[in-house]
Amino acid sequence: MEKFSVKKPFTVLVAVVMILILGFVAVTKMDTNLLPNVNTPYLMVVTVYPGASPERVESEVSDVLQNSLTVPGVSKITATSAENYSLLLMEFTEDTDMNSALVKVSNKLDQAKSDLPSTCLTPSIIEYSLNMNAFMTVAVSREGADQYELSEFIQNTLVPEVQRKGGVSSVSSSGLVEKLVQVQLNQDKIDEINAKLLELIDTQLAAARSQLESAEAQITAGRREYEKQLKNFGSTVSNSVMSQMSTEVGAAVETVRAQAQALLESVNSLIAVVKEPEIQQALIEVRDGLQKVMDKFNETGMRDIDSLIDIVAELRTITDKLTTALQKLQERVNTETGSEGSTAEDLANEMQLQESLNVVYNTLESTIKAMDNVPQLMTEFSGALGSFSQQQLNAYMQFTEAREMLNEYEKQLEAAKAEYETAKTNALAQADVTKQLDIETLAQLIYAQNFSMPAGYVQDKDGESWLLKVGEEYDSVKDISGALLLHVEGYGDVRLSDVADVEVIDNSADSYTRLNGEKASILKIYKNATSSAGEVSDNCLTAFKELEKQYDGLHMVVLSNQGNYITIVIQSILTSMVVGAALAIIVLAIFLKDIKPTLVVGISIPLSVLFAVVLMYFTGLDLNVMTLAGLSLGIGMLVDNSVVVIENVYRLRSRGVPAARAAVQGTKQVGMSVVASTLTSVCVFLPVVFSASIVRSLMMPMSLCIGYCLMASLIVALTVVPAASSTVLKKAEPKRLAWFEKVQEKYAHSLEWCLQHRALPLVAAVVLLVFSGWQ
C-alpha cells in the first residue's frame, strides 16, 4: 500500500480531494440531534372513554385490555386509569422485535374492541421514544393583553403558526387560562324537588287511603253487629240445648279422660320393665301421644264439641299404635317363657312383665269402651238440634253466611292495604331523584345531548341537495343549564338547573407564569423523529422573530433548545480538533526542528476526521452527543499513527536514505505495529455493538465513530503520509538534536540494565498493578 502510494502520488491526491469534498457535503447534510434514535422496548395504548369515572375506566377498559394484550415478549404492563381515559404502558424484553410487537398489539386491540363499551373510542398505539420529550421550550408574553386574551392568541394564532414550520410535529401549551363550565349538584335543590314529589304523591294516595279507612270502618261495624246478634241467638240456643248436652257429654268425656290418664300410668309402668329397645321406643311414642291428649283435655272446655271429637279421634289413633306394640311384646313374652336355660330371676321378670301387660290390656279396653260412647252422644245431640224450629235454623244459616262474608271482606281489606303499601313504597322510591341523578349519570346525560353529526342529504323538488344534521351542540351556559335530564310523571321535566349549579370558572389559580413581569405561558415544541434538531431549531427561531415583528408587544424567550446543545458540542469538537492539531504540530516542530514533516501531520488530522465523517454519513449516523463524543475520543488517538510513521520516515531520511525509499521503508518498518495498535484500540470498543437493546442504541454510534476515526487515521498514515513524505522531504536536510541524543544514550543504558536485571522491573510492575487495583 505504501509503495503504491509513493509511486502514484497523484492518485492519492485525487483521493484526498474526494474525501475533502465528500466530507464537506456530509457535514452540511448530516442531521443534528441531541441523542441517537434509541429503539426503546415500550409501547403505550391510550383509550379515550368520554364521561367515565376512573373506577369505570379501570373496570370496563383497563382490565379488559390488560387481559387481552397477551403478546409474546411482554415483561410488564402498567395501567393508569383516569377520568375519561386509560393509559397502558407495555414493557417488552430487550430482545423483542418492536416492529413485530407493534403488529401483534394492533391485532389484539382489534379483537378486544367488541368487549369495550360502545361509547369508548378506538384505542391508539404510541411508540415510546426519547423524541417524545420537547426539544424546545419557549416562554410567550404580550404587552397589554390579559390572561384570557393571551390564551386565546396562543391557541388560535401562535400555536398553528409554529406547528406549520418544517420538522415540527406538535406544539403543546401550559399556563393557559381556560374557561370551563362547572356543574355541581345542589342538594338543596334536589331536596326541594323531592319535597314537591312527596307532596304530589301524598295527594294522589290520599283518596286511596280514605277509601281503605272507610271500608275498614264498615267491616268493623259489621263485625260488632254480627257478634251482638250472634250472642243474642246463642243465648237462646244454649239455654234450651246446651244445658242438656253439657251434663251427658261432660260425663262421657270425663270418663274418657280418666281412662286415658289410667292408660298413661300403666304405659309408664310397662316401659320400666320392657328391655327390648324397639318395643320400648314404640311405647315411649305412645306415652308422649297420651300426654299431649291429656294436655288438650285440660285446655278444651266441655262446650267445644268439635275440639272434643278431634281429641277422641286422636286418642283412638294412639290406642291403635299401643295395641300393635302390645301384640309384639306379647309374642316375645310367649316365646321366652319356659325356654331352656332360663333362671329363676328370668322367670320372675317375665311374670312381672306379664302382669304389667294384663294391666295395660284391661285399661286399654276400658278406654276404648269409653270412647265408643262419644259418637252415640253426638248422634243424640244432632237429634236434639232437629227439634229446632225452621226459623231458628234459617237464622243460624244467615249467621254462618254473614261470618263468611265478614271474613272475606277482611281478607280483601288486608290485600288492599298490602297493595297500597307497595304502591306507596314504589312511589316514594321514584320520588327521590338523588338515586337517579348521581354525578356519573349526570355527566353521561350532558355528554349524550352535546353532539352534532351529519345525517345525509335530501333533495327538494328543484333537485337541490340539503345537508341534514342530527343533534345540536351546546352554544352557551344557558343551553347547558336547560339540558333535559328526566321526566317525572305528574311533576314534569327535570332540567340541569333544577338540580345543579351551573357556572363558568377558569384555571387561573392552578398555574403561575410570568415573563419580565408580564403574564406569560409556556410552549413546548416537539419535532418529528426523522427531522434534524438543528434544522428545526433554526426554522423555529426564524419564525419567532417574524412573529414578534408581525404582532406588536409579542415577546418570545427560548428557555431550552436542543439545537443549542448540538452547536455547543460541535464547537467543542472543532476546538478539540484544532487544539489537538496545534499541539501535535508544536511537539513535532520542537523535536524535528523542521516544518515540512510537521505540516504532513497537521494535514492528516483534519483529513482523518473528514474521512470518518464520510463513513458516518454513508452508514446512516447523524451528529449527536454520542457520535460527537466518539469523534472527540477518536481525535485524541488518530494523531498517533501519523506521528509514528512520519517520525520513522524522517529518521531514515536523516540518515541519508532517499526520500522515496525512506517513505516506503519507514512506513513498512512501523506498518504492522501501527496496524496492530489500531486494531487493539478498535477491539476495545467493538463489543458494544453486540450489547443489548437500549445500551446498544446509545453506545453503538459512539463506538462506530471511534472505530471510523482510528481506521481513517490508519489508512491516512499508510497512504497519504508516505506519499506526502516522498515529495515534501526530498530536499530536507538532516538536523541533529544534541540534547535528544543524550536522552537516547541514557535511555539505552537504562534499558540495558533492566535487561540484565529482569526480575526487578517485573516485580515493580506487579506491585504497581496490585497497588493500583487496591486503591
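Backbone N, Cα and C atoms are what each Cβ position is placed from, and that goes for glycine too.
Curation plays no part in TrEMBL annotations; they are all automatic predictions.
The feature transmembrane segment is assigned by TrEMBL to 12-30 (among others). Taking Cβ pairs closer than 8 Å, the transmembrane segment (12-30) reaches residues 5, 607, 609-611, 613-614, 616-618, 621-623, 719-720, 723 in its own chain, all 6 or more past its ends.
If you look up TrEMBL, you'll see 198-232 (among others) marked as coiled coil. On the 0 to 100 pLDDT scale, the coiled coil (198-232) averages 72 in this prediction.
Feature annotation from TrEMBL assigns coiled coil to 399-430 (among others).
The transmembrane segment annotation in TrEMBL covers 565-592 (among others).
If one looks beyond the transmembrane segment (599-619) by at least 6 residues along the same chain, the residues whose Cβ comes under 8 Å of a Cβ in the stretch are 16, 19-20, 22-27, 29-30, 577, 580-581, 584-585, 588, 627, 631, 634-635, 638-639, 642-643, 646, 704-705, 708-709, 711-713, 715-717, 720-721, 724-725, 728. Annotated transmembrane segment per TrEMBL: 599-619 (among others), in sequence order.
What TrEMBL records for 625-650 (among others) is transmembrane segment.
Residues of the same chain lying 6 or more positions beyond the ends of the transmembrane segment (670-692) and with a Cβ under 8 Å from any Cβ of it are 2, 94-95, 637, 640-641, 644-645, 648, 699-700, 702-704, 706-707, 710-711, 713-714, 717-718. What TrEMBL records for 670-692 (among others) is transmembrane segment.
Annotation source TrEMBL lists transmembrane segment at 698-721 (among others).
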